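What Swiss-Prot says about this protein:
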type    : residues                                             : note
DOMAIN  : 2-184                                                : domain 'tr-type G'
BINDING : D14, H15, G16, K17, S18, T19, N131, K132, I133, D134 : GTP binding site
Amino acid sequence: MNNIRNFSIIAHIDHGKSTLADRIIQLCGGLSDREMEAQVLDSMDLERERGITIKAQTAALTYKARDGQVYNLNLIDTPGHVDFSYEVSRSLSACEGALLVVDASQGVEAQTVANCYMALDLGVEVVPVLNKIDLPNADPPAAMAEIEDVIGIDATDAVQCSAKTGLGVADVLEALIAKVPPPKGDPDAPLQALIVDSWFDNYVGVVMLVRVVNGTLKPKEKIRLMASGSVNLVESIGIFAPRSVSLPSLSAGQVGFIIAGIKELKAAKVGDTVTLASRPAAEALPGFKEVQPQVFAGLFPVEANQYDALRDSLEKLKLNDAALMYEPEVSQALGFGFRCGFLGLLHMEIVQERLEREFDMDLITTAPTVVYEVIMGDGSLIKVDNPSKMPEPSKIEEIREPIVTVNLYMPQEYVGSVITLCIAKRGIQMDMSYHGRQVKLVYEMPMAEIVLDFFDKLKSTSRGYASMDYEFKEYRASDVVKVDMLINSEKVDALAIIVHRSNSQYRGRQVASKMRELIPRQMFDVAIQATIGANIISRENVKALRKNVLAKCYGGDISRKKKLLEKQKAGKKRMKQVGSVEIPQEAFLAILQVDDK
């Protein structure tokens, strides 16, 4: 066991995490040059394309060190994005060490800091590595100073390497072996194994990626999952070197996979503890929690006959994405669809994109909303994740909205514009500190404001230099109202939005004027109104198309013209009573892209 090292790589998007992993795998001979491809561990097309890691992957490698010993290195790849922070914390708790990869030309960024603090909290040894030192604008001393300033770990002997050229990668592994402690654990104790990740394979069912903490596991033994309590027979176990290799046993300190014929991912939750049914462990490993969706949106098929296909696609995605929640929903305007819960905006985009790309779906998405807690007049509490479910204002005692703590990191020249943005989004400043060139701002902000377009705005005000991460803090009473859109005095449920009262008139007017541009002219006048309860806050009219009925009267008597005009007017009035307005699909999307001028 002394020659095992379990480690993961912490890095901001684009600081070269996956490339470094590729180099390490190549150096250890995990794959022949023929099988080597860019970003071996990012197996989803979407992961490669966006350059992000969504699911954790592993590689068990053997490395002959300079001291002549052969070490087993287990690399556990972690996602780097805020939305997947729970998956990161599970990956990190399976390790004893982490390589903190920092781009020598850019310095420390928000996600790195968030994940690094998480690693330090879990007691993981952090080894700083400066990557991309081959770039002409690389500045290693400044980057080291920044690591010490912002994160507060000693970076004087940080390893310098370039994952692209392969320079210094061996030094990284040597530093890893020297600094990271071997795993602790007792191979003879009752089995405890942490599920780091699990995914669904079409041939064998659920594959669980586990870190064995104590005990030993062999095939044909019965295992019990502690959170869900299900008992299954182990069919095969092994390691990924990055291709899978079966083994006769897995013992304490090792990272490998278990296949036990589990049919659904719900049974094998990330963070759960695996133990033997015959000789169970006394208690589960700490840190397991159920993942709660934070952001909700409705997904509707463009063609009504695709509803079943959409349900099947969501089911298949759910097999590989335990954080995705969905339930059927009916909207008068959009027909049948699903209300889906996501971890955050990136997660939502990825799910949408995978549905469109892997399953050929055409989707309409309603505006993302967060979960509000509503206290009713009789004291009962309900959770509202959909504007159309919001009760009548007269029955509501108070509405509480989710507040998050946002950590923002940016170069100091952008502080002013970022603060202005945060104030516009109803943020309350909690803290501000300078670290070298970088500034860290801490704000409390309503989740609803972040969900809308905060991230894009942040990137544009700071020219892409600012980075952020956020975590849920609490529910707080707030003056939010539901704005309904009426078209010819009929409510359209899919257009309802929940906004803060101070912003409601503005948003109502904005949506109404956007709708006016998008609803085609009819043969009768169409009135578009935004209302809060019974108060109408804004109105736009789409003028009717009309035939020139006076074209055939040359000169002639005014009463004749009047008669024709009155007749036309009566006809239009009658049409307005029976006619219905078709709302084009773009109109629903317009609610999403509300650009604040």
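Each residue's number is its place along the chain shown, starting with 1.
Using the three backbone atoms N, Cα and C, a Cβ is placed for every residue, glycine included.
Owing to the predicted nature of the structure, the values given are computational and were not obtained by experimental measurement.
Shown in sequence order, A104, P140, Q160, C161, S162, L167, G168 are the residues of the chain, 6+ apart in sequence, with a C-beta less than 8 angstroms from the C-beta of I133 (GTP binding site). All protein chains included, S18 (GTP binding site) registers 25 other Cβ atoms within 10 Å of its own Cβ.
Of all Cβ atoms in the protein chains displayed, 30 besides its own lie within 10 Å of the Cβ of N131 (GTP binding site).
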